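Undergrad: So TrEMBL says this about it:
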- 106-155: domain 'LRRCT' (DOMAIN)
- 158-200: repeat 'EAR' (REPEAT)
- 204-246: repeat 'EAR' (REPEAT)
- 250-297: repeat 'EAR' (REPEAT)
- 299-348: repeat 'EAR' (REPEAT)
- 352-395: repeat 'EAR' (REPEAT)
- 397-439: repeat 'EAR' (REPEAT)
- 443-485: repeat 'EAR' (REPEAT)
- 1-34: signal peptide (SIGNAL)
Amino acid sequence: MESERSKRMGNACIPLKRIAYFLCLLSALLLTEGKKPAKPKCPAVCTCTKDNALCENARSIPRTVPPDLVSLSFFSRSLANNNLQTLPKDIFKGLDSLTNVDLRGNSFNCDCKLKWLVEWLSHTNATVEDIYCEGPPEYKKRKINSLSSKDFDCIITEFAKSQDLPYQSLSIDTFSYLNDEYVVIAQPFTGKCIFLEWDHVEKTFRNYDNITGTSTVVCKPIVIETQLYVIVAQLFGGSHIYKRDSFANKFIKIQDIEILKIRKPNDIETFKIENNWYFVVADSSKAGFTTIYKWNGNGFYSHQSLHAWYRDTDVEYLEIIRTPQTLRTPHLILSSSSQRPVIYQWNKATQLFTNQTDIPNMEDVYAVKHFSVKGDVYICLTRFIGDSKVMKWGGSSFQDIQRMPSRGSMVFQPLQINNYQYAILGSDYSFTQVYNWDAEKAKFVKFQELNVQAPRSFTHVSINKRNFLFASSFKGNTQIYKHVIVDLSA
C-alpha cells in the first residue's frame, strides 16, 4: 500500500520536473538574449526618427549614432554656427545608407586632421551642402569639397635620439660585408677603430671588433670582391692597411703607407674607375703630399701625388658632366687651408687626374661634400669662419645657390634618406642645424636642431629598412638618431 502511494507520488513529480526544466531553459534563453549588444541609441543632443537624426546646439560630433540613419543634420539656434573646427576621423564609418549630410555653418580648420573628410567627400554617395575652410590662411573661404588629398602635406620626418655611445669620435663610415651592415668609428683619444654590428634581437648597435692604434683620425673600409680592407690613418706612428682574416676572425695588418708622403692625414676617400679601385689621402702637413693609391691585386701602391705644401683638409670624389660632353667624368675636389678648393679631372688617356680650375671667392673652405637632385650636381662647402655655401654645377663651373651662417662649423654634410634630401650643418659654438631640401624653392629649409658637442661627421646607416643618423663628437658622446616618419593625418 505504501509502495503504491510512493509510486503515484513519483509519477506526479515527472510533470513538475519537466516544467522546472523548461523554466530553466527559458531563463537561459532570456539571459542569452539579454547579452546581445544593444542597438546604438539616439545621442542625447539629437532627435532621431527611423531614418533621420537632427542634432541641435551640438558642440562636438557624437561618437555613436544609429547605423541605419539616412540623414544626419546639425543645427544651432546659444550661436551663428556650431563652432566645429574639425571632425573625428571615421565618424561616418558604417553609415553607408546616408543620403544627406548637413555640416554648414562651421569654422573648419582644413589641416591634416581633416584630410580624411576631403577623401570621404570624394567618394560618398550622400548629398553634402557646400562647406568652407576658415583656416589655414591659404585655404580660407575655399570649398572643402574642392580640395583633394594632394593639397595636404601631412608626412613629416624627424631625427629622434636612439642611442648614446660613451666615447668621442672623429669620423664614421658604414659598409656592407658578407650580407650584413657594419659601422666603423675612428676614436682619436683611444686610437681605436671600433666596429659595430646590428643586434637583430635587442634592436641596437653592439661591438663587433676593433683595431688598436694611436691617434686614429680615419678608419676607411673598402670591400674588393669579398675581401674587407680597412685603411687606418693616424697622426702619429704612421698609417696602415688591414684586412679581415676570415679564418683567424680578426684584422691583420698587411701594409704600411709611405710615411714620407703621408705625414698628417686628415681625410680619405675611396672610389672605383673602370674596374680599378683607388683611395686618396688628403695630407694637412706643410711637407706632406695628397696622394692617390691604386689596388694592384696584392696591395695598394702610390699611383699619383697631386700636390705638396698646401695643407689639404678634405678630398671629395664625384662625377660631373663638362659641356659639351654628355658622359659623367670622375673629378676630385681638394679643400685646403692655404688656397681655394681645387678641382681635378680624370684623364682617361693618362689614367691620371689633372688640375682644371678652382672655386672662386671661397677661401678657407674646410671641406666639400656633394649630392644630386634630379640629375643636377650640388656641393656643400664648409667654412669655420664666414658663411658656408650650397653651389650647383652649371656645366663649366659651380654657381652660388644658398648661404648658411656657420661660425665654428667643421662639417656641412648632405645626406639622402629614402626620398628625403638633407644637409646637416654642425657647429662648435651652437646647435647643429638640420635642413630639408625644398623642391619648389630648389634650396634647403631649416626644420630641426640637434645638440651635438663639436660635431665632426654625420653618417647615414640603413639596416633592415631602418634608417639611422650617426653623429660623431670630438668633445662628447657619439650619438645615434633614428629617422622617424610621422603621418599627421593618421
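Cβ atoms here come from the backbone N, Cα and C positions, even for glycine.
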Undergrad: Give me the stretch from 158-200, 204-246, 397-439, 443-485 with the greatest number of Cβ pairs under 8 Å to the repeat 'EAR' (299-348).
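TA: If we count Cβ pairs closer than 8 Å to the repeat 'EAR' (299-348), 204-246 scores highest.
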Undergrad: Which bits of the chain, at least 6 residues beyond where the repeat 'EAR' (158-200) starts or stops, bring a Cβ under 8 A of a Cβ in it?
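TA: The answer is 206-223, 226, 228, 230, 232, 234-235, 244, 434, 448, 450, 456-457, 459-464, 468-470, 472-484, 486.
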Undergrad: Let me spell it out: take the repeat 'EAR' (204-246), skip the flanking residues so only those 6+ beyond its ends count, and list any with a Cβ under 8 Å from a Cβ in it.
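TA: Non-local partners: 163, 165, 170-171, 173, 175-178, 182-188, 191-198, 252-257, 259, 262, 264-270, 277, 279, 281, 295, 299-300, 480.
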Undergrad: Should anything in the same chain at least six residues away from the repeat 'EAR' (397-439) have a Cβ under 8 Å from its Cβ atoms, list it; otherwise answer none.
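TA: Residues 157, 159, 357, 359, 366-367, 369-371, 373, 378-391, 445-452, 454-458, 460, 462, 467, 469, 471, 483.
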Undergrad: Should anything in the same chain at least six residues away from the repeat 'EAR' (352-395) have a Cβ under 8 Å from its Cβ atoms, list it; otherwise answer none.
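TA: Residues 267, 292, 304, 306, 313-314, 316, 318, 320-323, 330-333, 335-337, 339-346, 401-416, 421, 423, 425, 437, 439, 443-444.
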Undergrad: Count the residues of the repeat 'EAR' (397-439) that DSSP assigns to helix (H, G, I), to strand (E, B) and to coil, and report the three numbers in that order.
TA: 0 helix, 27 strand, 16 coil
